[in-house]
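> The structure under discussion is supplied below as structure tokens; questions concerning it will follow.
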Amino acid sequence: MDLDPHAGVQVGMRVVRGMDWKWGQQDGGEGGVGTVVELGRHGSPSTPDRTVVVQWDQGTRTNYRAGYQGAHDLLLYDNAQIGIRHPNIICDCCKKHGLRGMRWKCRVCFDYDLCTQCYMHNKHDLTHAFERYETSHSRPVTLSPRQGLPRIPLRGIFQGAKVVRGPDWEWGSQDGGEGKTGRVVDIRGWDVETGRSVASVTWADGTTNVYRVGHKGKVDLRCVGEAAGGFYYKEHLPKLGKPAELQRRVSADGQPFQRGDKVKCLLDTDVLRDMQEGHGGWNPRMAEFIGQMGTVHRITDRGDVRVQFNHETRWTFHPGALTKHNSFWVGDVVRVIGDLDTVKRLQAGHGEWTDDMAPALGRVGKVVKVFGDGNLRVAVGGQRWTFSPSCLVAYRPEEDANLDVAERARENKSAASVSVAGSLSVALDKLRTQKSDPEHPGRLVVEAALGNVARALDLLRRHPEQASYHPALVVDTKNQGRTALQVAAYLGQVELVRLLLQARASMDLPDDEGNTVLHYTAMGNQPEATRVLLSAGCAVDARNGTRSTALHVAVQRGFLEVVKILCERGCDVNLPDAHADTPLHSAISAGAGASSIVEVLTEVPGIDVTATNSQGFTLLHHASLKGHVLAVRKILARARQLVDAKKEDGFTALHLAALNNHREVAQVLIREGRCDVNVRNRKLQSPLHLAVQQAHLGLVPLLVDAGCSVNTEDEEGDTALHVALQRHQLLPLVADRAGGDPGPLQLLSRLQASGLPGCTELTVGAAVACFLALEGADVSYANHRGRSPLDLATEGRVLKALQGCAQRFRERQAGGGGGVPPGPRHVLSTPNTVTNLHVSGTAGPEAAECLVCSELALLILFSPCQHRTVCEECARRMKKCIRCQVVISKKLRPDGSEVVNAIQVPGPPRQLVEELQSRYRQMEERITCPICIDSHIRLVFQCGHGACAPCGAALNACPICRQPIRDRIQIFV
């Protein structure tokens, strides 16, 4: 059973009490609504795995079971708040397009859908059975008819509710001050990102603004006067923590589709036409492709299949109209699947398995022979292996687009550059040895190639003012495909260039490759000739046959002075070439040797750092792909908001740095860019997944230390721990990972410091797995195939080491309390917090590491939250717990005695300093851009909010109040 990763528990979901509820009136009574604000995780001192923390609309905050001990205390009422949407579905009652939240489809009527609100308000025939879709990807769940079922009134923060500021309030005095009330006038979505996730509130002073009620898991409001929000059928809502199964798209022969699969449509035209109704539609031209081989390009949100037949033709098909074609032939490029256990199982009777084949897992190879039994001989990494066809998938080049493999883009451009340079060198040699009549029309080009300025001048003087049209001497006549001006410019013969310009030689005439004279000065690295041509009015942005400008050429060849001159003369630094690469893309591809050029280009005022090339890489993506640290810093300085921007496949800059082992780039993105280390791509992989997948041992500790979750799962339910044991279980740790990479040594030192015996003998996969287990990775976490890391650790020594590391983590989390793993524990975040699930008894506290000073000491117990995080010395000055932010009412030593707060230094001087510091911070906050948090506000919008000039120029709506920006006023502070 495959589970839909989008249907799992996420912060922001709106919930009501469920079938296993036993917590009295904590929710304010049956029908009360709350918001999931925190998820449990294995080993957490706050909440264990399969529990959640809920902030109820009426104010109480506590934890509940979402699969823990097999119980489900809550039901999911609405998931529009986490961005769930059915893009191509229209509610047939309220007619809203792009249905948000759960979808309810009638099983009796053809193509009839309702949104949650309409379904719960008894729209459509109550005797009809419906299907529930939690997401656009999940399998439908069949429901009984609504007729006769009890409906429960919904109460909470809805239109008309009376509210005050809530637990996540961070909006100053917008409400008029603590305790002031407001009235909810509307529940809406946050732009196009989420639905029904914010409330529009009008306060007592008449001001209106929007506040979070589920958006990003935050709740800015607390309900003091509930409003009715409709009804719900308790029996028809899904249990929170029980994700829906993934909807499988299958072909006509019952096999599930994947991107890159080879398919054919083998149906008659009439049958296909009927099937296409509601599945992409019918076009008569589709009949031309019946029986032709195509490639699955993508699966649409509705489950239809987008098939590409050639470079330009794509059609959308009903999945049942297609048949998969699984054959491979000699010459086909394939990829070996990466799951070690799966390959071992499939190889039985098909060439068998040997441990020497391990390096081929996940690699790309070519089919060199097809055996009679269907097995294939595949060349991978210089060796040949026999594989079962089930172990291979068709290679999709776009999969490697995020890998800096063999510097593909740079090699292609360098090869083209070398080709042009070589042909030009051959042409010059031919010109210099050419014996021609002195009156030959191309003689002027020969003299330019020989550098005979005097002879060229003599030829020009012989026909004054007629050189441009004299039959015996045409100044723009080509010889070997070049004009005299192009040759002179390439060789840097400035005097001859001036003479030819005086003779009205054309500056715009291209050669056979489309290069103008300015391209030739760039190819020849001739700064002075470039100046002369630009002063004479030469087109600075002329493009050749590959759509490259002279700036592209100069950048690709690394000619800094020419680049400077072109930029000074106002060339367009944003023009893309045939690959949609800008000059800065090319400079980044050139590596560290072009750092000075990167400096020059990024200082040009009009440069567009958001430019994207044909592979979907922005400049920040490209710099992260290539490991260009300087470029990353320069781009972040101009547009830090791009740090988490995603490509079409969901890859961010940090994904690319992690995938390609660019540790320093990752450090810059984390520390200077403040990127989201837990961001996930379309396959739900985090940067940690990719670093582990590629065995980049230096990046794994960096990402974990930066806060990357070790228990995040990808689309297959695999955590980083699963990946480590699947991909690199057989690779030796040091022998194969040496060569100047400090990563293995860093990771080894961390393992040795933990006291793990024999860690130097571990393989790469085992070492990474042990490190992750030490950092809290759940060794019992089951993926969608039901396999845990302990199941994948087939070797007894590795299994024992993994269990030992997990035990060390539990002991560390318990504060050295004898290694008893902590039970469910609640995060007490507000005065209204109640704890449902209590910690099992543990041994008395022993010396542990203080989270502030890192000294080993007896930790102080905070009340009411019951956290032990810091030593006595650090605890004296604390007002709030640093783990849960609850105000501390009492601080207790292990013996039960109370810690007295630090003595305040009396006297006006200290109070004055604190007051001035507070005022300074307030002033700084008022004038700092709320987007980049780096620059001062320079632009003010009509709503009163503002931003710095670079951020403000790119905005269409105010980031604070979401009002459209009609005017920008520049200020000086």
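Positions of Cβ are set from backbone N, Cα and C atoms, glycine also.
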> For the feature zinc finger as recorded in Swiss-Prot, pick the matching range from 33-85, 86-138, 192-244, 298-350.
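That would be 86-138, per the zinc finger entry in Swiss-Prot.
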> With H, G and I counted as helix, E and B as strand and the rest as coil, say where DSSP puts Cys106 (Zn(2+) 2 binding site).
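Where Cys106 (Zn(2+) 2 binding site) sits, the three-state DSSP reduction gives strand.
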> Looking only at the zinc finger (850-885), what are its DSSP counts of helix, strand and coil residues?
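So the counts come to 4 helix, 7 strand, 25 coil.
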> Filter the binding-site residues Cys106, Cys109, His124, His128 down to those whose C-alpha lies within 10 angstroms of the C-alpha of Cys118 (Zn(2+) 1 binding site); answer none if the list is empty.
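Those near Cys118 (Zn(2+) 1 binding site) - Cα within 10 Å - are His124, in sequence order.
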> Give me the DSSP three-state residue breakdown of the repeat 'ANK 6' (649-679), ordered helix, strand, coil.
16 helix, 0 strand, 15 coil
> Of all the binding-site residues here, His124, His128, which one's CB has the most other CB atoms within 10 A?
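The residue with the most neighbouring Cβ atoms within 10 Å is His124.
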> Using C-alpha atoms, which one of the binding-site residues Cys109, His124, His128 comes nearest to Cys94 (Zn(2+) 1 binding site)?
His124
> Rank the binding-site residues Cys91, Cys94, Cys106, Cys118 by the number of other Cβ atoms within 10 Å of each Cβ and report the first-ranked residue.
Cys91
> Between Cys106 (Zn(2+) 2 binding site) and Cys91 (Zn(2+) 1 binding site), what is the CA-CA distance rounded to a whole number of Å?
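Answer for this pair: 11 Å between alpha carbons.
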> Taking the binding-site residues one at a time (Cys109, Cys115), which has its Cβ surrounded by the most other Cβ atoms within 10 Å?
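Comparing the binding-site residues Cys109, Cys115, the most crowded Cβ belongs to Cys115.
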